[in-house]
Number of protein chains: 2
Amino acid sequence: MTRYKAVFAYDGSGFVGYQVQPNGRTVQEEIEKALKKMHKGDFSRITASGRTDTGVHAVGQVIHFDSPLNIEPEKFRIALQMGTPRDISFHSVEKVADDFHARFDVTGKEYRYMIDRSKIFNPFKRNFALHFPYQLNVEKMKSAAKLLIGEHDFTSFCSARAVQESKVRTIYQIEITEVDETTLMIAYRGSGFLYNMVRILTGVLLDVGQNKLGEPDILRAFEARNRESLRSKTAPPEGLYLQEVFYK
Amino acid sequence: MTRYKAVFAYDGSGFVGYQVQPNGRTVQEEIEKALKKMHKGDFSRITASGRTDTGVHAVGQVIHFDSPLNIEPEKFRIALQMGTPRDISFHSVEKVADDFHARFDVTGKEYRYMIDRSKIFNPFKRNFALHFPYQLNVEKMKSAAKLLIGEHDFTSFCSARAVQESKVRTIYQIEITEVDETTLMIAYRGSGFLYNMVRILTGVLLDVGQNKLGEPDILRAFEARNRESLRSKTAPPEGLYLQEVFYK
């Protein structure tokens with residue numbers, strides 16, 4: 001058996017998320033279907049760095065899987081590219097050590113959140129960015145983002161449904177960039193992110209940019225350790241991208 | 001009755017084209033449905049600058065229609081925006097003279113064709129650009145484009161199904177721009193365009209960029225007045241945008 005690592009992108013708008021589910025089309029199922037075909041039915045599972053929700057995109061999702069086939073990696077990439085639908089695209093396939101694990105070996109991740117500030121709704125971006133035509137004080141957002149960086153208990157900044165026992169995570173960097181006149185990008189790099197954490201952080205930063213929340217509210221929320229302590233809405237999935245997964 | 005002119009964009013990927021058809025969802029039908037609701041059922045037709053095919057997009061399509069409602073144009077725009085699905089978006093509504101005609105008064109149009117030259121397929125662009133990962137000599141394309149500019153009989157450069165009697169049209173400008181490392185844009189401005197003409201011209205320019213066609217072939221095709229005289233493929237619809245419609 002050879003262990004392979006693959007990096008791929010997907011447009012999340014046509015999926016009910018990454019992970020196989022009884023109802024609806026998923027990314028995992030499409031990739032496993034392609035691998036099953038390549039292995040004449042004899043293929044079981046792929047393991048990803050983590051899940052993404054319905055409508056959430058990936059630029060650099062990572063999986064590993066084992067295969068009895070010993071194929072040149074670029075040929076394997078092309079076979080996966082051909083075998084999967086056009087809303088999934090494989091960047092690279094490589095052979096890795098037998099003990100490489102796409103989830104357990106993750107040392108960090110980068111997520112990006114795209115915001116379309118056009119006054120008039122852009123139909124070409126409807127699945128790819130949050131439309132947010134309101135005033136935003138970007139400087140205030142940048143300042144508040146600094147409070148979020150570092151090691152914190154993010155209980156107030158994740159879904160109450162987050163299953164992990166420890167809610168302590170480290171954010172290495174939050175970059176807020178005005179990509180062009182109408183596009184704001186918030187890039188988050190961290191050791192790991194809890195369920196809905198990036199979308200909640202984005203909702204908080206948007207509230208700060210609209211003067212609905214101030215830095216003291218963020219400090220209080222860290223103390224409170226309770227999602228209810230912040231009224232900020234969870235930003236919708238269409239603006240969110242799993243940009244990159246980091247390994248040792 | 002007041003005559004209104006409206007400018008709007010649409011993502012063509014979810015439509016079987018602009019014009020109402022027995023089978024499939026169309027842009028015209030969605031807008032007429034919205035207007036019918038606003039007029040309590042008493043509304044008949046809108047008139048567009050022209051049709052677009054299945055999968056073709058518009059950034060600045062134009063319609064006119066008559067309404068007994070005398071509404072402030074920006075309010076009318078918002079009502080149309082709210083009444084139509086998210087793949088249509090209204091830029092502007094204005095009151096115009098009773099004899100303004102969205103089709104007959106057109107003095108020119110701009111179409112754009114987007115080409116994604118990324119080596120690896122980009123799933124986010126699959127409905128919005130032609131994926132073309134092959135070598136292209138852009139300088140040769142620019143040079144050949146100059147031959148197409150001016151008044152010509154474009155019989156060889158339109159679908160055999162083009163219904164207009166005269167195939168003489170004037171192209172004012174063809175601009176080929178490397179928007180970024182992987183995106184090539186071809187913008188065509190002209191007095192008017194025949195059926196499939198922009199997609200066929202794009203196919204010809206791509207063949208020139210690949211050294212499959214030379215400038216003499218283009219000159220011969222002008223002479224031949226026959227679509228069969230050129231083997232170039234019609235570029236697919238997903239790269240095409242009706243960018244702007246010009247009036248006096």
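Heads up, the Cβ atoms here are built off N, Cα and C, so glycines get one too.
Over in TrEMBL, the protein carries these features:
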DOMAIN    B:6-105  domain 'Pseudouridine synthase I TruA alpha/beta'
ACT_SITE  B:D53  active site, nucleophile
BINDING   B:Y111  substrate binding site
DOMAIN    B:144-247  domain 'Pseudouridine synthase I TruA alpha/beta'
Rounded to the nearest Å - Cα separation of B:Y111 (substrate binding site) and B:D53 (active site, nucleophile): 13
Number of other Cβ atoms within 10 Å of the Cβ of the residue listed as 'substrate binding site' across all protein chains: 24
In the chain carrying B:D53 (active site, nucleophile), residues 6 or more apart in sequence that have Cβ under 8 angstroms from it: B:G12, B:G17, B:N196, B:P237
Local backbone state of the residue listed as 'substrate binding site', from DSSP in three classes: strand
Per-residue pLDDT averaged over the domain 'Pseudouridine synthase I TruA alpha/beta' (B:144-247), given as an integer: 96
Secondary-structure category, per DSSP, in which B:D53 (active site, nucleophile) falls: coil
